[in-house]
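Asker: So Swiss-Prot lists the following for this protein:
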DOMAIN    7-95  domain 'ATP-cone'
BINDING   Ser177, Gly192, Cys193, Gly221, Asn375, Pro376, Cys377, Gly378, Glu379, Pro520, Thr521, Gly522, Thr523, Ile524  substrate binding site
DISULFID  Cys193-Cys388  disulfide bond
ACT_SITE  Asn375  active site, proton acceptor
ACT_SITE  Cys377  active site, cysteine radical intermediate
ACT_SITE  Glu379  active site, proton acceptor
Amino acid sequence: MGVSWPAKVRRRDGTLVPFDIARIEAAVTRAAREVACDDPDMPGTVAKAVADALGRGIAPVEDIQDCVEARLGEAGLDDVARVYIIYRQRRAELRTAKALLGVRDELKLSLAAVTVLRERYLLHDEQGRPAESTGELMDRSARCVAAAEDQYEPGSSRRWAERFATLLRNLEFLPNSPTLMNSGTDLGLLAGCFVLPIEDSLQSIFATLGQAAELQRAGGGTGYAFSHLRPAGDRVASTGGTASGPVSFLRLYDSAAGVVSMGGRRRGACMAVLDVSHPDICDFVTAKAESPSELPHFNLSVGVTDAFLRAVERNGLHRLVNPRTGKIVARMPAAELFDAICKAAHAGGDPGLVFLDTINRANPVPGRGRIEATNPCGEVPLLPYESCNLGSINLARMLADGRVDWDRLEEVAGVAVRFLDDVIDVSRYPFPELGEAARATRKIGLGVMGLAELLAALGIPYDSEEAVRLATRLMRRIQQAAHTASRRLAEERGAFPAFTDSRFARSGPRRNAQVTSVAPTGTISLIAGTTAGIEPMFAIAFTRAIVGRHLLEVNPCFDRLARDRGFYRDELIAEIAQRGGVRGYPRLPAEVRAAFPTAAEIAPQWHLRMQAAVQRHVEAAVSKTVNLPATATVDDVRAIYVAAWKAKVKGITVYRYGSREGQVLSSAAPKPLLAQADTEFSGGCAGRSCEF
């Protein structure tokens, strides 16, 4: 450092940080690249001139930026100065917008992320104003979760709170939304989702409905198997009347979820599963196909078996069984029912399929029962009253010097497993059955987000063999690290109570019956500023609805690449926004077009291949949408569903573009056409309920 340079920089919030001339040089370099100024010595020369002009002491950040503008002007670099000034103006506008929202954002999140955090995550004072900053939100969650550490090593919670906070503040790992929302609050419910049982009695149906309302009020999602309810028209001995059937109660549950969500912090999200052998399966399959607005809070999935799908393949008959009596009440061609499922999914995305036999072959505690349902997005098959405590590693933050930082990935995975295990201990459970089930198996779900961004940063097309191989390797390493961490926790704290009844009883003890699961990540990937789960990018440039306006947004990875390589232009971005993607766009280099495919530009087979590759190293399940073009046929849906079964994934969802009104990503903007996204959309399914 020069003897006459500043020692410190005063940020806008008043904090002091060391002066770093490399940051000035990097900013000038980015501006120079945008105007194709290829003098390699210029940025360093300008940065040194700025440092010399500032002198010793403490330099306010605004003074530094003013000095950069002045030195560029003096050097006759007017084009570079113009780009630098525009960048400053945009940053100033962003700070102003955040200030108008009343949010202090030391994490430098996107405006969309800050908007969502303000509405649903940050604590507020009595006047409704945010009472904490974005960083303080992360600190609150870290402290709350780390409190569990004192149960096992008194006095250790402060140390672990600091480690947890580092992960959260760096956006290297984020837990599911309720952990961020409810940590340190009176609600205290930190688990993301639950499966609740519904038995064949009015008492059970309404008792479960009441429990669901309590969970949804606290931001928890709920999954149900309606398979035990007697079919419509069946005899009710106590009244002499007839049953209304599971679909009628499904509508009741949906209405209740809508009412609860009005007073809650996010829209109610639910999953309904009905066994393919239920006599009312045809009504269930078409429950949402008849009206796009029907059952808005529910995802629907048919619980299919290997026997049913083999009957489809050989054009055999399928038996429908009354769950009350266990007797066969009808037989129908399996292919006819499968066609009805595929037609409904083609029409609106529902129902998906849940492969019950595949799920139960991997059930870690088969002695505790057969799994019949999943959480709302399908990534965690659960027994009754079990919960999913989810968190995701941000793969986009696992890069160093243009390569995957495998050591950091394993370190983050290990700390994340400990975090999620602590969540089980500190979470409050509204009903004793929930706490008992959570502690019995201590299931957690460590997953990922940012896969598509990582691939793009490495120049690897999502729809390529190289991408599938890398995704496989990433998930294998994460699962191995998670297993190691869970075994270490078992040595410190003991195995999960149901260990002796588990598939692992003959192997070494584990703290958790399940450690990995890949969630869609929904809002948390938006907060982290990366792509959702293992989904591809949904658009490269688009407009996002924020506080009543549609603001142009560019994928951050593409934005950085375009500026670094010198082809960023405002008119270029406007053209891309009209298209959504860049595949087939002649103005960009071929390798850039290949590395930035959008979900709609990727063939369905590649979507499924990626899901299957990741599933091989995930103990629970993988939430992934197979996107289909608007021109896709029912036969295309049929082919994907069969291929998914044979690929041994645990569930499958398809979404044909434009098949549902109100989808959260569309090109239905006024002329000129622009890809549009809702405030909270970060990728994945553009039509189903994916709040988590």
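Glycine residues also receive a Cβ, built from the backbone N, Cα and C atoms like all the rest.
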Asker: In which DSSP state, out of helix, strand and coil, do we find Thr521 (substrate binding site)?
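Answerer: Thr521 (substrate binding site) sits in coil per DSSP, no helix or strand.
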Asker: Hey, of the recorded positions listed (Cys193, Cys377, Cys388), which one tops the CB count within 10 A?
Answerer: Cys377
Asker: When the domain 'ATP-cone' (7-95) is classified with DSSP, how many of its residues are helical, how many are strand and how many are coil?
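Answerer: Across the domain 'ATP-cone' (7-95), the residues distribute as 59 helix, 9 strand, 21 coil.
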Asker: Given the binding-site residues Asn375, Thr523, which one is most crowded in terms of C-beta atoms within 10 angstroms?
Answerer: Asn375
Asker: In whole Å, how far does the CA atom of Cys193 (substrate binding site) lie from that of Cys388 (disulfide bond)?
Answerer: 5
Asker: Quick one, of the binding-site residues Ser177, Thr521, which Cβ has the fewest other Cβ within 10 Å?
Answerer: Ser177
Asker: If I take every residue in the domain 'ATP-cone' (7-95) and average their pLDDT values, what number comes out?
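Answerer: In the predicted model, the domain 'ATP-cone' (7-95) has a mean pLDDT of 85.
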Asker: May I ask you to report the DSSP-based helix, strand or coil state of Cys388 (disulfide bond)?
Answerer: strand
Asker: Reduced to three states, what secondary structure does DSSP give Cys377 (substrate binding site)?
Answerer: coil
